Amino acid sequence: MSHQKILILDFGSQVSQLIARRVREQHVYCELHPYDVSEAFIRDFKPQGIILSGGPNSVYEAVDWRAPQVVFELGVPVLGICYGMQTMAEQLGGKVESSAKREFGYAELRARGHSKLFQGIEDRTNAEGHGLLDVWMSHGDKVTELPAGFKVIGSNESCPVAAMADEERGFYGVQFHPEVTHTIKGKEMLARFVHEICGCGNDWNMPDYISEAVEKIRAQVGDEEVILGLSGGVDSSVAAALIHRAIGDQLTCVFVDNGLLRLNEGAQVMETFNRSLGVKVIHVDATEQFMGHLKGVSDPEQKRKIIGREFVEVFQAEAAKLPKARWLAQGTIYPDVIESAGAKTGKAHAIKSHHNVGGLPETLNLKLLEPLRDLFKDEVRELGVALGLPHDMVYRHPFPGPGLGVRILGEVKKEFADLLRRADAIFIDELRAADWYDKTSQAFAVFLPVKSVGVMGDGRTYEYVVALRAVQTQDFMTAHWAELPHSLLGKVSNRIINEVRGINRVVYDISGKPPATIEWE
């Protein structure tokens, strides 16, 4: 099936991925590519419309950072955002200059000219009945002369050309960022652009994607066998379910229990995949191997390297027992592809395969199968539900690759891991029971390698401490600590201290990101 597509050209904005996510939310397929792709690529892509992203440069300084001229010659609508609007203006004969007043943050915009982009979209009206929009600005330059054929469709006191349009050609520019949630009606503006201005339908949906992906996997793999490292995380789980839907028993999954998983995670993975879905899963208990190599190691980076190295060793050993395997499957998703493509310039450049299991494809001499590489995380979750995976598995919070290895501060010991996984399970159980789990973006317990004095019954105790961490965030770049009810925290603390022998104190982390990170290590 051939989809109607939007092409997004990336000029290095911090939020370019958000543009793509917002377009996909409209059930319209899009791809994000560096701004300097070739004319041939753009023509072959056959876009219904093109979006030019923001970026950190000034058009009068960065003379090489231009949209290919073919963008304005294809006869399709174009939307320029921030820098994208400025390069559109400059390339089409307008003028851009440094602004005496820079704008960073919320701004109020007056819509003008009854443009198709803003028609009927407003946050409120002023006394004269003019539509007003609350938008998010981030710019130090401004358009001072419009290109021929353009009119002003939005302005404010500090930015007289805050939005512009040549409606005859379908060219629009906005100085603000409609892709961020701070622009209240940004979603409606992007929907208006892709559906009404570009004429895209709603032909990007999961049922169709499953059918297409299954056909593609079958054509790619043929009758050869595939091996996949199953972690129990969302991406590898959905990849396994999709590949199994396509090729059945040609897929073998290897699930490595390194002793650093969540409570009962191994049993849950085997129950879901092996018994419920009928996927072939090899369950390897490598706890002793991992713990042996982690003994005496306290540095977090060293722990990460050891856990990664040992996973590769275990996986290689199991792969060697499957000589017919010709493909290595991975749960690479679209943000991985974009991030691994990032060049020093900050733009998504030279996109290549993202090996999220370090070194395995080269070492094993296997071909790489990445069936999720076109999907964002929210789309992966939607796909997982459509494939029949349990909702709790698909919508569980992120879990670090090294597992509890980086949630046990300092040296990792089996005793510490056992205490931590039980405390963590209590925290998660109570969050679910209180209907707080889905209100937090990530929640977990951390084991602190210190002891504190306590009193239990008539006796003095000297036992370990755990910290609880829960955050709320939209993008994980910044995060606010979750303001959980004190009664809930009290219940969690009481259960942990009473049910997990060896812990006598529970603390709650109220640090935001920044200055703290979400994980402790």
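Keep in mind that glycine also has a Cβ here, set from the backbone N, Cα and C atoms.
Note on Cys82 (active site, nucleophile): other Cβ atoms within 10 Å of its Cβ, all shown chains, come to 27. Feature annotation from Swiss-Prot assigns active site, nucleophile to Cys82; the stated evidence is sequence analysis.
Per Swiss-Prot, active site is recorded for His177 (among others). Taken residue by residue with DSSP, His177 (active site) is part of neither helix nor strand, so it is coil. In sequence order, Val15, Gly54, Ile81, Cys82, Val135, Trp136, Met137, Ser138, Thr183, Gly186 are the residues near His177 (active site), counting only same-chain partners six or more apart with C-beta under 8 A.
Neighbours of Glu179 (active site), defined as other CB atoms within 10 A of its CB across all chains, total 28. The active site annotation in Swiss-Prot covers Glu179 (among others).
Residues or ranges marked as ATP binding site in Swiss-Prot (evidence: sequence analysis): Ser231, Gly232, Gly233, Val234, Asp235, Ser236, Ser237. In sequence order, Phe255, Leu261, Glu265, Gly266, Gln268, Val269, Met393, Phe399 constitute the residues six or more apart from Gly232 (ATP binding site) in its chain with CB-CB distances below 8 Å. In the three-state DSSP classification, Gly232 (ATP binding site) falls within coil.
Feature annotation from Swiss-Prot assigns domain 'Glutamine amidotransferase type-1' to 5-203.
Annotation source Swiss-Prot lists domain 'GMPS ATP-PPase' at 204-396, citing sequence analysis.
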Rounded mean pLDDT for the residues that make up the domain 'Glutamine amidotransferase type-1' (5-203): 91
For Cys82 (active site, nucleophile), the three-state class that DSSP assigns: coil
Glu179 (active site) and Ser231 (ATP binding site), Cα-Cα, nearest whole angstrom: 33
Those binding-site residues listed as Ser231, Ser236, Ser237, and which of them has the most Cβ atoms within 10 Å of its own Cβ: Ser237
Cα-Cα distance linking Asp235 (ATP binding site) and Glu179 (active site), given in Å to the nearest integer: 25
Three-class DSSP secondary structure - Ser237 (ATP binding site): helix
